[in-house]
Amino acid sequence: MEERYEALKELGAGNFGVARLVRDKRSKELVAVKYIERGKKIDENVQREIINHRSLRHPNIIRFKEVCLTPTHLAIVMEYAAGGELFEQICTAGRFSEDEARYFFQQLISGVSYCHSLEICHRDLKLENTLLDGSPTPRVKICDFGYSKSALLHSKPKSTVGTPAYIAPEVLSRKEYDGKVADVWSCGVTLYVMLVGSYPFEDPGDPRNFRKTISRILGVQYSIPDYVRVSSDCRRLLSQIFVADPSKRITIPEIKKHTWFLKNLPKEISEREKADYKDTDAAPPTQAVEEIMRIIQEAKVPGDMAAADPALLAELAELKSDDEEEAADEYDTY
């Protein structure tokens, strides 16, 4: 790994471990690498993320490149999105204009629609999992397929996964649900946040109270503040997305025909739809599924921490202490 890639900086951290920006010494290409500690952290979610992600080739989805092993970690190498998270853009701007929100929403729906066409539902769509490529006219890049499920490979989802603010009512029931329909709800939350600058089902006075958020999700209690100017077409679309009964919720194909969605639709999206999503620019995955599965199995064996990169160990130690603080905060919320 170290012979092939030169580490440049940390990009972020989460429950999984650390993500770093690295340079491919051969091609000079910048790529992102997600490091997951070998051993018990290499579970079904990690395997699912890698296998599902490998099969996806679409301009609005972060490209999977390969998996490697280090003495201590499983490393997932993927396309680098230089523009960062869409979430950060909203934090900076406060909220987007309706036209800006539509521009990003159109790309999000294009990427999600492609996943669904391959029978893959994401199950954790949110602004933090929506990156930008850094170009002057930013291209959305969906990432993080750790909770994704493939109808071809896995059973119907019934576990409660995802981020509280984005979870659909049926996901909270702990019964089987259609992951594609739940993804539509999460796309609606993303659209609302872009337009309003806050979450639709959080109590503004008590945003960290997850119980209150869940109660409002189940009751579909949301409103658009008076100070936010949103067209009637857009309001109608949101009201068709935020429907508690999943069988009555608008579907992705219906969203793609909606008047509001079709306005100023970028030519590349409409042309891609006609071409049935074939991303001709994308090279096919170089690693065979069999090789990936072999690497994953090997990664389930704990690594030799004595051989670890000291900088990576320091980042992981810092992450652990942050996680402990966050867990304490969440405990206080209940």
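Using the three backbone atoms N, Cα and C, a Cβ is placed for every residue, glycine included.
Residues or ranges marked as domain 'Protein kinase' by Swiss-Prot on the basis of sequence analysis: 5-261. The ATP binding site annotation in Swiss-Prot covers Leu11, Gly12, Ala13, Gly14, Asn15, Phe16, Gly17, Val18, Ala19, Lys34, and the record cites sequence analysis as its basis. Feature annotation from Swiss-Prot assigns active site, proton acceptor to Asp124.
Taking the C-alpha positions, the distance from Gly17 (ATP binding site) to the residue listed as 'active site, proton acceptor' comes to 18 Å. Annotation note: Asp124 (active site, proton acceptor) sits in a coil segment as assigned by DSSP. Asp124 (active site, proton acceptor) is 20 Å away from Leu11 (ATP binding site) when you measure Cα to Cα.
Confidence for the domain 'Protein kinase' (5-261), expressed as mean pLDDT, is 89.
Within 10 Å of the C-beta of Leu11 (ATP binding site) we count 16 further C-beta atoms, all protein chains included. Within 10 Å of the C-beta of Ala13 (ATP binding site) we count 18 further C-beta atoms, all protein chains included. Residue environment of Asp124 (active site, proton acceptor) contains 19 other Cβ atoms, counted within 10 Å of its Cβ in all protein chains. Between the CA atoms of Ala13 (ATP binding site) and Asp124 (active site, proton acceptor) there is a gap of 17 Å. Annotated pair the residue listed as 'active site, proton acceptor' and Ala19 (ATP binding site), C-alpha to C-alpha distance, rounded: 18 Å.
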